[in-house]
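K.L.:
The structure is given below, and queries will be raised subsequently.
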Amino acid sequence: AAVDIQPACLGLYCGRTVLSVNGSVEIYGDCGVCPRGQRTDDNKICRECMGSPDRYDWLYLGFMAMLPLVLHWFFIEWYSGKKSSSALLQHVTALFECSIAAIVTLLVSDPVGSLHIRSCKVKKLSDWYTMLYNPSPDYITTVHCTHEAVYPLYTIVFIYYAFCLVLMMLLRPLLVKKIACGLGKSDRFKSIYAALYFFPILTVLQAVGGGLLYYAFPYIILVLSLVTLAVYMSASEVESFKDLLVRKKRLVVLFSHWLLHAYGIVSISKLDKLEQDLPLLALVPAPALFYLLTAKYTEPSRILSEGGNGH
């Protein structure tokens, strides 16, 4: 197609929309913002996003989808109390809510009715923050060219959180009212109230730090999973393999952290070279094994007693 750009289209993300195509000649509009679902090519022409997310993009979306689920589970466990038998059912309900929200989000995304989505390729960090690159040709008038250059990786997360919130408000209060009889009236809905706080926080986090999270999430997963596993085992006074086997819940928590470790390792390596990357998954149990093997040597009471004996 013939390309004729007069005058120059300034700005990193400003482009010209294709108004019509006459044979091999394209007629372009004025330089400005690209419509949703399009981004500029090398010639500053707005082109449809016809690609599909690569493996790393899906891993990022999976991470953003896991955040509310993990927080749901944490607060359900935190507020359910030791005597309550309703926690398991609430955990399952939270998983159901987030799973349905994810499926519905994919179905309403373009192309509608399909679990596949079309997307633009993420090229650099600035693609996430096009609002910071609106040009001012005469230093007075600003040409607003803010659009979703990483379509739909930025907005699809907001849509997912909205569906999660709606489904939670429809399902969870009825469930909790029926089954959470082991809790007081004021404690029953605390996990739901917690969600009403963390969903706005997650939304702001995505709005402000979406691009940073896109590049940093594998390392965030590894660090957080290591820290939370150490804190949990310390708080639960797990010092040996026998302590782990005493309660099934501890094993569930351990395997959950192992899954997170594996997810982080896969996200970093992207499994581009299977013969090199798959052996890295053997490192998944290493932190837990290291903790169990060294816990008895770092027991505070033992250190204090040995210090006392030394004096």
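Note: Cβ is positioned from N, Cα and C throughout, glycine not excepted.
In case it's useful when we look at the structure, here is the feature table from TrEMBL:
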type     : residues : note
TRANSMEM : 58-76    : transmembrane segment
TRANSMEM : 88-108   : transmembrane segment
TRANSMEM : 151-171  : transmembrane segment
TRANSMEM : 192-213  : transmembrane segment
TRANSMEM : 219-238  : transmembrane segment
TRANSMEM : 250-266  : transmembrane segment
TRANSMEM : 278-295  : transmembrane segment
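Mind mapping these onto the model and telling me what they sit next to?
P.N.:
The list of residues near the transmembrane segment (58-76) in space but at least 6 beyond its ends in sequence, with Cβ under 8 angstroms from a Cβ of it, reads 87, 90-91, 94-95, 97-98, 102, 153, 156-157, 160-161, 164, 168, 190-191, 194-195, 198-199, 202, 206, 213-214, 217-218, 221, 263, 266-267, 270.
Long-range contacts of the transmembrane segment (192-213) within the same chain, counting only residues at least 6 positions beyond its ends with a Cβ under 8 Å from a Cβ of the stretch, are 60, 63-64, 67-68, 71-72, 75, 78-79, 125-129, 150, 153-154, 157-158, 161, 164-165, 168-169, 172-173, 176, 220.
With a threshold of 8 Å between CB atoms, the same-chain residues lying at least 6 positions outside the transmembrane segment (219-238) that come near it are 63, 213, 244, 250, 253-254, 257, 260-261, 263-265, 267-268, 287-288, 291-292, 295.
Only residues 6 or more beyond the boundaries of the transmembrane segment (250-266), in the same chain, are considered here, and those with a CB under 8 A from a CB of the stretch are 59, 62-63, 218-219, 221-222, 224-226, 228-229, 232, 236, 238, 243-244, 277, 280-281, 283-285, 287-288.
Same-chain neighbours of the transmembrane segment (278-295): 226, 229-230, 233, 238-241, 244, 254, 257-258, 261-262, 265-266, 269, 271, counting only residues six or more beyond its ends whose CB sits under 8 Å from a CB of the stretch.
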K.L.:
In the same chain, who gets a Cβ under 8 Å from the transmembrane segment (151-171) while lying at least 6 residues past its ends?
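P.N.:
Same-chain contacts beyond the ends: 36-39, 49, 53, 57, 60-61, 64-65, 68, 72, 93-94, 96-98, 100-102, 104-105, 108-110, 117, 119-120, 122, 128, 192, 195, 199, 202-203, 206-207, 210, 214.
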